[in-house]
Every structure is written in C-alpha cells, then in structure tokens.
Amino acid sequence: MKTEQDGEVFEEDSPEENGVHTNQYSSISPPASPEAQENAFSTYFEDKVPIPESVNQSFSFRKLWAFTGPGFLMSIAYLDPGNIESDLQSGAKAGFKLLWVLLVSTIIGLLLQRLAARLGVVTGMHLAEVCNRQYPTVPRIILWLMVELAIIGSDMQEVIGCAIALNLLSVGRIPLWAGVLITITDTFVFLFLDKYGLRKLEAFFGFLITVMGLSFGYEYVLVKPDQGELLKGMFLPYCAGCGPVQLEQAVGVVGAVIMPHNIYLHSALVKSREVDRKNKKEVKEANKYFFIESSIALFVSFLINVFVVAVFAEAFYDKTNIEVSEKCNASGIPHTNVFPYNNDTLEVDIYKGGVVLGCVFGPAALYIWAIGILAAGQSSTMTGTYSGQFVMEGFLNLRWSRFARVLLTRSIAITPTLLVAIFQDVRHLTGMNDFLNVLQSMQLPFALIPILTFTSMTSIMNDFANALWWKISGGVVILVVCAINVYFVVVYVTSLNSVLLYVFAALLSVAYLCFVGYLAWYCLIALGVSCLDFGSRMQTGLSRPIDIYLLNDMDTDALVER
C-alpha cells in the first residue's frame, strides 16, 4: 500500500520472510563493487563516516554533525572566483537591485542539489555512474565530453583566480603563469589530505570557507553598505531604471551560481556516509539531514556572495574610471595605472576589484581581498578536481590508481589555463571570464536534464522517485534556467560582431539543440509522457527494468538477498 508524505510517495513495508524484508525497496541494494575493489580505487571514500544511532528522536544534532561535510564541499562551487567576479560586477553595474536574483538563483540551486544528493543516497551511485548505465554509447560519450568542457571552463576560472590573488599579494612579483603553476602544484598536495581522514579534509574545506567569510566580511564592515537598500534589493523582485546592461548581468548571476559539474559532484560526495540502503528509514533520514546540511551550507555561501555584491554596490556603483583613477593616484599604492583616465563607467573584475578597494579603503583592504580570492580559488580548484575524477570514473568506468586519475584530471585543464596565463595580461581577463561563463551556461542542460530524468524513475529510485509536483516544478525550473542561459549565450555571440563567428555558432547551435532535444525526449518519457515513445520501446534502455543494469554492480550478499 502506498502513502504520501511531504510530496513524496512511499510504499509500506511488506511483512518479513525468513527475517528479510521483501518490499519493493529492498530490491535496490547498494550498487557498489565489493569492498576490496572499492577501497583499491577510492577517490574520496577510503573511510566512510559512521552515523550515530538515536532512539525515538525526530532530530539529532549529533546525526546532523555526522552528515555535515558534503554540502559544504558542494557549496564551494557557489563561491569560486567566477561567482565572486559576477557578484562584484553585479554590484558595480546595478547596485543592490539584483540581490533578489542572487537569492532566487541560490534557492533554485538548493532544489537541484537536493535531487543530486537524493540520487546518490538512494542508489549508492553518483550521476555519472547512472548516466553510464542508462544512456547508449554515443550519447554517453557526447555527454561526458560536454561535462568535461564545463569542468575545464570552471577549472580555468578557479586556477586563474588563484594566480591573480598571488599576483596581488606579491605586488606583481609573481606573474600569472607562475601563479598557475603554484596553484596546480599545491592542489596536488592538498588533495592528498584525505589520506589523513575524511573528516580532516572536510575540516580543511571548512577552514577555507571561514577565511572567505572573514575576508569578505571585513570588506563589508569596512564599507558599511546601506542596510535598507540591501534588504530592498534582496526581497523586492524589481529593478527600477535597469537596461540591457543590468539584464545581461542578471542573466550572468544565474549562470554563475548554478554550475553543471556541481550536480555530479554532490551526488558523489553523499556516498561518504554509512547508510544502509536496504533500510528505507535510514535512507529517508539521510535525505533529510543532507537537505538540512545543504541548506545551511548554501545559506553561508549566499551571505558571502551578498558581502561582495554589497561592497561594490555601496562603494563603486555608478562610478567612473576618472573618479577611481584620481583616488588611486592619490593613495600611492601599486597598480595605479589600471584604470583609464576617462568618464566611462567603471568596469571591474577580481583583479581590478582588489586594486580599487586598496585605492579607496587602504592597502589592508586589497590584501585581505586577495586572501579571500586565494581561499575561494584554492578550495574550488580542489573540488573541481574531485568533480573531474568522479565524472571520468563514472562515464568511462576507469579503474586507475588514485595518482593517475588526479594527474589526468589536472592535465586536461592545465594546457589551456597555462596558455591563457602566458599570453594574456592579468589586467585584461574580463573577456575570458565572460567566455568561460558562456561555455558553462551551455553545459547546464547536460546536468539538469539527466538529474531530473533519473530521480523521476521508479525503477531507479523506487519509493523515493519524484512526486508529480516535483516533476512539474523541476521541469519548469530547468526550462527557465536553460532559457535564461541560452539568452546569455545569444547576447554574448551577437556582441562578437563577426559574420564568420555567426555562421560557426549557428552550425554548433543546430548540433547542440539536437542533442539537448534527445536528452529532453528521454526525460519526458521518464516523466511518464509515454506517447513520445513512438512504440520503439526505448532502445536506450528505459523500457527495461533498470535494476537489471544495477545487478552488475551489486555485491554478492545483495544478490543472494534478492
């Protein structure tokens, strides 16, 4: 018998037979490889965090603490240098008026991360592994390549952000290319911290988030933004006097917050907790605590993003280059020739943002800003590397040594990043950041559509499949987010003013839309629109019970129990 709670459909446990539950949910056992094999090829789960037992408690802080970790690692993607740059540009170009866009984007991001976490908790597999088992070979390879492109684009922003921070801290003595090499090297070192224990690694990430909070919080206290205007901008969804510039910036905020590779990452990180997936109560409990933890983590990241927007909205909104240039010349700090001596509206990125803070509020503001950017870049670079490992392992079913996987993941992004660092000046990276934001915006459907598809399929999720209202609202959210980002891409391409690029973009768009259409078709059938099946019985595998695909990944005990 089925019951409905909180919008989710559950099936009552059936009686036990010989001491073993025989309900539908028990057919999904942890689809993991045998323990010895898993340990040999572990990325992040060499030890799993045990969950303390509690008797007759609806909520336990001890349990919440045990589940705390994956959400904060996931939230780092909301604080990477690309996000910080989007925040400061939003404040400088639109003041406080787009804070509500940041708030709505973060809430949408939380709902999407909830789906990712539930997939990992219920199935014991992350999104890349499920894609590997459910999509045919050619679409699967194309999907993997698209996700890798998103990771490379994000990785370039993160590594370049670290390099810019090192350049600011060294007063220009560390060039961009040297900062890139330093960042890549120390990322290798930090990534092996999990050898000393999973909780220590998560604590290190918590420390980096704390550094960001203190650094950008210091700037916030120093600038003293107008609290009334801040609250008005956050909770009134209106942008008075806004034009195309502010509209493009609003779209950029959405694209910067919702990151495609972060969906894959979060679905994998939740596997680090000991959850008996044959026990529906434990799975439901894990879903609850992971959602609470993710909410807290994204609230913290939202506050840090608000700090950055508010600082630049209060101090630099509607300012001109000549105003800032005069203050920089009077301050006597380095980098005084960054801003042209004209009446154009001030344009800033994470490099110029640090300089302008130093010009107006003193050298301490510049160096504390650089420390915050360094923490943001370093932490997001490390989680980006984890994303690359999970995606590569899942899509390609790799069974390489840990060092080989980290080396390959880093090598994919190092070449384009180094080329940019060698041939591009640190003062002129805004154009590259815009291009990378467009690149990641284009990849969003390749995470959002699969996560809605698989979390809506009862053959994968059983009792924890999305309820009808989740399917509808999830589909609407994904449609809106993808439409917003397509608009962002169109605006960017039309600004290039090149017929050759227009033709090239048109050809790419046809291929791109065809593949997105295929994923959407697959998703709609999974959502129950059976008329789209065209009687083909979905040669992609949807017509067959998907737990057959999972059999290959179950351990021996699970198969015996089945």
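Using the three backbone atoms N, Cα and C, a Cβ is placed for every residue, glycine included.
Please treat TrEMBL annotations as automatic predictions, because they have not gone through curation.
Of the candidate ranges 138-155, 156-173, 444-461, TrEMBL annotates residues 444-461 with the feature transmembrane segment.
Note on the transmembrane segment (174-193): residues 159-160, 162-167, 200-201, 204, 377-378, 381-382, 385-386, 406, 410, 414, 417-418, 421-422, 424-426 of its chain, located 6 or more positions outside it, place their CB under 8 angstroms from a CB of the stretch. Stretch with the most C-beta contacts under 8 angstroms to the transmembrane segment (205-223), considering only 99-121, 250-269, 290-313, 355-376, 444-461: 355-376. If one looks beyond the transmembrane segment (499-529) by at least 6 residues along the same chain, the residues whose Cβ comes under 8 Å of a Cβ in the stretch are 135, 139, 142-143, 146, 442, 445-446, 449-450, 452-454, 456-457, 471, 475, 482, 493, 538, 540, 542. When Cβ distances are compared across the two stretches, the transmembrane segment (290-313) makes no contact with the transmembrane segment (444-461), since fewer than 3 pairs at least 6 residues apart fall below 8 angstroms. Residues 28, 112, 115-116, 118-119, 122-123, 127, 130-131, 134, 143, 146-147, 150, 255, 258, 260-264, 267, 470-471, 474-475, 478, 481-482, 485, 516, 519-520, 522-523, 526-527, 542, 545-547 of the same chain lie 6 or more positions beyond the ends of the transmembrane segment (444-461) yet place their CB under 8 Å from a CB of it.
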